[in-house]
Each structure stands twice: as C-alpha cells, then as structure tokens.
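J.: I have a structure here, written as structure tokens, and I will follow up with some questions on it.
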Amino acid sequence: MSQQQTIPRPPATHNASPPDSAMSPAAWTGTLANHARPPSTVPRINAVSLDAVAVAAVWLAAVTRLHTGHGPDWGHVCLMALTVWLVYTGDHLMDARKERSPACPIPYRHVFHRQHWRLISITMMAAAPLLMVAIPFVLNSVELALAALGSVAVGGYLILVHRRNRLTVDSLPVWFKPAVVASLFAYGMHIPALAAFITGELPTGNSEPFSVIRLAATWVISSGLFFLNCQWVSNLDRQPEKQFRRLPEKTVTITAITILLASSLLRFPITMVMATGPALMLLIGIAARRHRGHEFTTSLWASAFDVSLVLTGLLLWATACQTI
C-alpha cells in the first residue's frame, strides 16, 4: 500500500558523493535534484501514503459495519487515517535515509521524502500531538487498551526493521515483513469490532459462537488481502524492471486459498464479496506480468492493487448495509 515508482541512479563518477546513509538531510536535495519531477499524479498520491489512508478508512468502516451493524463515527475514521499516515510516513522517511546499493534503482517515494524531509517532519510533529490529544475523546477504555496494544506491536516492528544491525531481519524470508505489516494493519481495522465483542455490544451477543468465528474469518481475510498487496508492491520495489517474474507464486496461491476458505465461514453474499479481493489481485498480477519494463506501468500496477483493496472494502460495506 505504498508507491514503488523507481528512478534509475545516475552513473557513478570518481568524485561520487558518500553513501546516502552518511549524508546529512541538507545534502539530499542537491544530490537528487535531477529526479525532482514526478512522472505523473499517481506517484505523488502514493508517495504521501494517501492510498494507504484510503484503504484504512474504507476497511475500518466496512469491518465495523459488518460486525456491529453500524459504521464507525467520523472521529474513529479520522483517527485511523491520521495514525496510518503517521506510521507509513515515518517508515518511509526512515527508509529514505538508508544506504542503497548503487546497482539498485531509487524508488520515487524515497526521492520525494528526501527532497521534502523538512516539510514532512514538521507536518508529522504537528499531527502527532493532535492525535494524542484527540484519542481520549474518541476512543472508549476498551478501544484505548486495544489501540495501545497495537501501538506497542507497531513500535516493536519499526525498531526491529530500522535498527542499525539488520542481519536478523535480512535473514528472514521475503514474506515475513509483508505478513507482519498486513497482520497489524488488519488488527487496526478490527479495533472497534473487537471492543464491541469484549463489551458484549455485538448484535449477536457474546454467547453466539458465530461472532468469534466471523471476527476471526474477517481478520484472516483482510490480513490475507493486505499481505497480497504488500507482497506484490514489495516485489515491484525489489525488481521493478522484472516486475512479477520472480513473485513467489506458491505463497500467493496458499494465501488466496486461505482467503477463500475463510470467506466460506461468512454468510452469503458476504462470501462472494470477500472472494472478489484475491480474484481482482490475481487478475491484476497476470496483466502486469504481460506489461513489464515501463516505469509508469510499474506505478500504475502498484496503484491498481490499492484500488482493488478499496473496491473490495466498498463492496463489503455496501453489502453489510443491506444484510446486517
């Protein structure tokens, strides 16, 4: 759920500048001045993580409506959107400062965050206190406890990924990071529904075993969909010129089957709606493999995966409004 538009590095010279990680932020703009022009509007939207914000807002509304019978209020939606933006932007800002091999292309989001690091940092410093002040007025005590638990997990993940000694992370399978991000993202979308379950406010009541099954099923489904998105977009970042040629098809297939099996635990027509997510992504993946090698095409496919998530979430919300 982040932009992977790539820009090739300029050829190395004898007077090459020091590695990116050794540069001061003030030196970034001059080093990357030749890459200042984004190729289209799509990379700009993805570079500022608005795609992730849209996915979070839609899925929070859909999951809450499905389980509680009513959608979250605007306060919950705004808090979730701001939280997702802060986490993703902070992660991208730290990613942009890391040293990359000269052979690797520079993702456009790294160029964007390096060039605008001061404005982004100021915006984050203004948004974070606003978030902390608003949280006690919007979340109840149970939601606050669940949000705190999620914050600890996200903080631990960021420390693990961005610490100086990254040998442990780099030695893990390529699917580990997308799986963790997807699971935490799905957890955040389920906080209002989980709080309603804990307090006994679900329409079916806590004594209904199907409430637990349905909560578990939607968490597995959403985690699987977010994982497919992260896996495909991460693949674009690692090898944009080859795109999906080396995508671990076994992992993708197992994930898609898991999503379909979990969807079968839900009531019709929710089952059909949730099954559209992996179907859309698989179709996009097949189409992308046939159109490799162009930078704008790479950006377009990465955005298409996010659009498929938004469409699936909107379908889920609309169907839940009719069936709950």
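Glycine residues also receive a Cβ, built from the backbone N, Cα and C atoms like all the rest.
Under the heading compositional bias 'Low complexity', TrEMBL lists 16-26. Taken from TrEMBL, the feature region 'Disordered' applies to 1-26. The transmembrane segment feature in TrEMBL is assigned to 119-138, 144-162, 174-198, 210-230, 251-266, 300-320.
Structural setting of the listed features?
T.: Beyond its flanks by at least six residues, the transmembrane segment (144-162) meets 87, 90-91, 94, 135-136, 168-169, 177, 180-181, 184, 187-188, 191, 194-195 of its own chain at Cβ-Cβ distances under 8 Å.
Under 8 Å from some Cβ of the transmembrane segment (174-198) lie the Cβ atoms of residues 1, 56, 59-60, 63-64, 66-68, 72, 76, 80, 83-84, 140, 142-143, 146-147, 150, 153-154, 157, 161, 206, 211-212, 215, 218-219, 222-227, 229-231, 234, 248, 251, all in the same chain and six or more residues away from its ends.
Nonlocal intrachain contacts for the transmembrane segment (210-230), taken as residues 6+ away from its ends with a CB within less than 8 angstroms of a stretch CB, comprise 1, 55, 59, 63, 66-67, 175, 177-179, 181-183, 185-187, 189-190, 193-194, 197, 202, 204, 252, 255-256, 258-259, 262-263, 265-266, 274, 277-278, 281, 305-306, 308-309, 312.
Counting only same-chain residues 6+ beyond the ends of the transmembrane segment (251-266), those with a CB under 8 A from a CB of the stretch are 175, 213-214, 216-218, 220-221, 224-225, 227-228, 231, 274-275, 277-278, 282, 285.
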